[in-house]
């Protein structure tokens with residue numbers, strides 16, 4: 001299916017301009033799997049082990065970890081999908097808003113693309129027509145699955161491939177329950193606490209540790225510019241909540257929002273290349289009162305904005321009443337819907353209540369409308385949910401929303417641990433991932449308390465990569481166990497260097513080890529390498545089974561003379577060869 | 001059932017000698033619930049909130065957080081159970097080994113107790129006779145359950161109350177699936193890296209953050225002295241693995257171990273007051289070969305020692321062949337068995353294999369023997385288990401072991417994250433706790449990499465308190481949700497101080513908040529406090545339902561004139577009063 005291409009020698013992590021570049025570990029080699037055409041180069045991370053074997057890992061880090069690539073965040077990433085989009089011949093360039101709104105300092109204005117004649121230029125439309133696009137082939141290689149399976153999953157609406165025609169820089173990826181569970185990281189500046197450069201660095205930092213998509217939740221004056229930096233430098237799909245920017249345009253007054261202003265904001269972001277948009281179209285006026293007796297009301301920012309608008313006007317949510325027109329816009333850019341759960345529970349007390357599931361029903365209805373119009377759809381989910389109520393969430397979502405990809409925030413399984421909500425929620429995320437959630441939106445240790453910094457972003461991504469991978473293992477993804485098995489082999493054989501290189505976070509594993517243990521501990525004997533499993537242990541095992549074939553209690557029982565003699569011989573042999581079976585770490 | 005007694009004014013955390021004392025937060029007040037007798041004083045942590053309400057939390061921290069108590073780690077804690085044990089009149093003091101082996105610098109030798117005439121002085125024996133001991137009443141008050149339920153659970157073997165007659169300092173606690181899920185923290189010095197004082201501090205630190213029991217896994221020359229400091233200063237049950245000390249006595253050579261030497265070690269620890277002992281009596285000779293084709297062989301230290309002994313001698317495990325004699329010793333001190341899973345899986349690959357479940361069958365058999373002899377029993381469990389194989393572990397254990405309390409290490413749900421195994425395993429721990437595991441043995445971030453320091457101990461305990469509490473919530477423990485609900489209320493009402501005081505770790509929550517947000521942010525309006533749920537929202541809700549009684553789609557639908565007029569009136573009212581519903585944290 002694909003040949004491979006090696007990048008040049010890897011370097012260690014360095015900081016180029018504002019972002020971190022270079023391999024995470026010297027044994028990590030960036031490689032590309034080449035598809036059916038030369039410009040279809042799928043990145044993988046090949047870990048070279050000390051026993052001359054290699055392990056190939058899924059890689060989200062983009063060109064930043066490719067030593068052959070020269071990073072310049074003022075210019076952005078190469079537009080690897082340009083040719084693919086052009087070849088389809090169904091988009092045209094036009095004079096968009098972007099010229100007036102600004103581009104990166106190192107670039108010139110590129111006129112945005114949109115569909116010719118308003119038709120659908122979505123991966124869903126292509127998949128339904130039976131076309132395997134380069135994007136689909138790319139994700140098939142990336143996931144190690146047949147391209148036809150990818151096309152079929154997209155065509156059925158069970159998976160999405162978010163890829164705005166104005167974001168040609170992305171390395172395509174897929175979100176669906178039959179694929180690897182994905183992780184989203186939220187970033188976003190605020191005028192007070194972070195700069196545009198810091199947010200670009202957070203993007204690169206988040207994908208370095210494994211984020212599959214990134215949502216830019218910026219607020220404040222520089223939303224457009226911040227997003228431009230993020231989109232142009234992002235090899236992963238970028239999601240936004242257009243409502244946040246729309247609200248800025250009306251000085252934070254929800255009641256001043258209008259459909260026209262919202263629509264204009266969506267088009268602005270569509271032209272910039274946003275790949276998926278959270279749209280809180282399910283917060284219906286009649287659902288708002290259902291939250292009145294909750295412990296924590298409406299905790300979704302978008303949900304509370306739309307609830308405020310509905311109550312202020314006492315009209316139906318304009319995102320709902322204009323949903324078909326909105327969908328017509330999204331289909332012209334191939335923007336994927338992420339239908340927002342504005343009424344998600346904000347406490348375990350509120351989980352699975354009438355408001356939440358009422359909105360879910362509407363999201364199912366809207367999802368069907370979107371797919372009818374060839375627009376890809378994900379459904380967002382909670383929130384705060386105690387463990388015994390988690391499965392109902394994914395089961396209902398799959399049923400109501402026709403198996404559209406579920407994209408959940410956690411859920412947090414208890415409310416008592418602010419400061420540790422990456423852990424309270426990784427528990428829920430792993431479980432809901434096992435049961436079929438396609439993408440997990442991370443939660444950082446700062447949740448409920450403040451804005452995440454760089455360390456929090458890493459802590460959140462790592463906790464969620466653990467949850468996602470644990471879910472992949474539990475779902476029996478065909479390749480997931482290879483990573484665990486390689487690390488377990490290294491552990492058992494005391495190949496410390498390989499353990500570090502295979503660790504999700506080699507830096508931390510290495511640092512922890514260096515703190516308390518010598519740099520190069522002696523290996524201990526491998527279990528049974530001395531008696532030998534084939535001869536000694538298995539033979540004894542059979543001898544004993546012959547006597548106690550029923551597996552019954554052997555308390556106070558004696559072995560017969562022949563068996564005893566055999567055992568005594570083995571005993572002497574064992575002692576002569578050093579007398580060690582396998583003593584684990586703690587015994588050294 | 002009980003009156004309360006307030007400790008004097010709480011102080012902030014200080015360090016007294018080698019250990020941390022004082023309340024975790026100024027709003028935490030140590031209180032005692034007084035039982036049927038004045039010397040039955042059950043500690044609780046009462047959190048005083050700014051809205052004049054209080055929340056009462058289970059408290060494991062011992063007298064160290066009581067400002068009225070003068071800590072002196074050289075003297076140990078008061079022997080609060082002395083009178084209870086004396087009154088039973090079934091133990092006698094004798095000249096034990098302890099006089100020769102040493103006591104704390106601030107104490108004189110106290111001759112150890114044991115049963116008169118070798119009879120059972122166990123909580124199990126008392127429970128079976130229908131007696132509600134002070135210890136049972138104590139845990140009943142602590143758990144908020146009827147004393148008869150406690151007695152019944154112990155009598156049936158479904159719960160254990162570990163309480164050696166030579167550890168009168170403990171505040172009794174219970175381990176069983178019908179009670180709050182408990183957390184164990186492992187500590188233990190090593191000659192190289194930590195001192196006795198450091199381990200005593202780790203004990204106090206672990207219970208400060210919520211450890212319900214502590215295992216002392218010390219190795220090296222000072223095992224006896226370290227344990228003496230830990231037991232005398234511990235208000236929680238102490239567990240050990242006597243095999244570790246026995247191995248030290250034969251200079252680390254497993255094949256030199258003998259039953260006589262092991263028995264002598266058990267008696268030494270029994271006299272010191274160890275409350276439960278891990279005994280790897282299920283590692284049968286015939287099971288050892290079953291591990292030969294594993295990825296990670298035998299990873300339990302005790303398991304590998306006994307496997308080495310079995311192979312060296314080619315005889316059956318002496319802990320198994322002498323199990324009844326061992327049980328006779330334990331019943332004379334009321335030491336609880338923790339039947340060790342020496343063949344637990346050390347990688348997800350090895351989970352739920354023949355070796356593991358073969359040993360479990362033997363543990364079930366041994367548990368029945370122990371209970372027949374009136375000795376309390378827990379069963380230890382894995383280890384490394386992918387999520388989809390977790391439930392089988394608890395289900396089989398409950399079936400095979402007659403619902404004896406399951407005590408599991410994690411399990412870790414993936415092998416790929418050394419440095420983060422408190423998270424990989426908190427996921428598994430929460431799940432197995434939900435399904436009935438009674439106690440969770442913590443895993444720290446240093447697992448597989450090095451020895452945990454003070455920060456690692458805290459990180460491990462916090463991760464496991466999250467898992468245990470999430471499990472309590474999911475199991476529907478009658479009081480568990482009160483803590484979450486109180487914190488959610490505080491969160492929704494922007495009572496920041498109360499959120500911190502109710503947090504599992506107030507220090508971290510407060511520090512994170514101070515990092516990025518102003519010290520006293522303005523409260524935002526409560527959702528619906530302006531429209532009012534009874535009048536506005538609910539009325540509109542009813543109006544709309546009258547029109548769309550079937551809950552069907554309202555896309556493009558119009559409201560009738562009367563409804564519209566009502567809505568417009570509400571709209572004006574909303575705008576006049578400020579126009580805010582509820583804007584969450586991120587919007588401020």
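A Cβ is built for glycine as well, from the same backbone N, Cα and C atoms used for every other residue.
Worth saying up front: this structure is predicted, and the values here are computed from it rather than measured.
Residue A:407 (substrate binding site) carries a strand DSSP state (E or B). When Cβ atoms from all protein chains are considered, those within 10 Å of residue A:407 (substrate binding site) total 27, not counting its own. According to TrEMBL, the feature substrate binding site maps to A:186, A:215, A:244, A:280, A:300, A:301, A:302, A:341, A:342, A:343, A:344, A:380, A:407.
Around the Cβ of residue A:448 (Zn(2+) binding site), a 10 Å sphere holds 23 further Cβ atoms from the protein chains shown. Annotation note: residue A:448 (Zn(2+) binding site) sits in a coil segment as assigned by DSSP. Feature annotation from TrEMBL assigns Zn(2+) binding site to A:384, A:448.
Sequence annotations record features per position, and here TrEMBL assigns [4Fe-4S] cluster binding site to A:528, A:531, A:536.
For A:11-22, the entry in TrEMBL reads compositional bias 'Low complexity'.
Mean pLDDT, taken over the domain 'ThiC-associated' (A:26-92), works out to 96 on the 0 to 100 scale. The domain 'ThiC-associated' annotation in TrEMBL covers A:26-92.
In the three-state DSSP assignment, the secondary structure recorded for residue A:384 (Zn(2+) binding site) is strand. Residue counts for the domain 'ThiC-associated' (A:26-92) under DSSP, helix first, then strand, then coil, are 11 helix, 22 strand, 34 coil. Residue A:344 (substrate binding site) sits 15 Å from residue A:448 (Zn(2+) binding site), counting Cα to Cα. Comparing the binding-site residues A:302, A:342 on other C-beta atoms within 10 angstroms of each C-beta gives the minimum for A:302.
Calculated from their C-alpha atoms, the gap between residue A:300 (substrate binding site) and residue A:384 (Zn(2+) binding site) amounts to 12 Å. Filtering of the binding-site residues A:186, A:244, A:302, A:344, A:407 by Cβ separation from chain B (threshold: under 8 Å) yields no residue. According to its DSSP assignment, residue A:186 (substrate binding site) is in a strand.
Separating the Cα atoms of residue A:244 (substrate binding site) and residue A:448 (Zn(2+) binding site) is a whole-number distance of 19 Å. The distance from the Cα of residue A:186 (substrate binding site) to the Cα of residue A:448 (Zn(2+) binding site) comes to 14 Å. Residue A:300 (substrate binding site) carries neither a helix nor a strand DSSP state and counts as coil.
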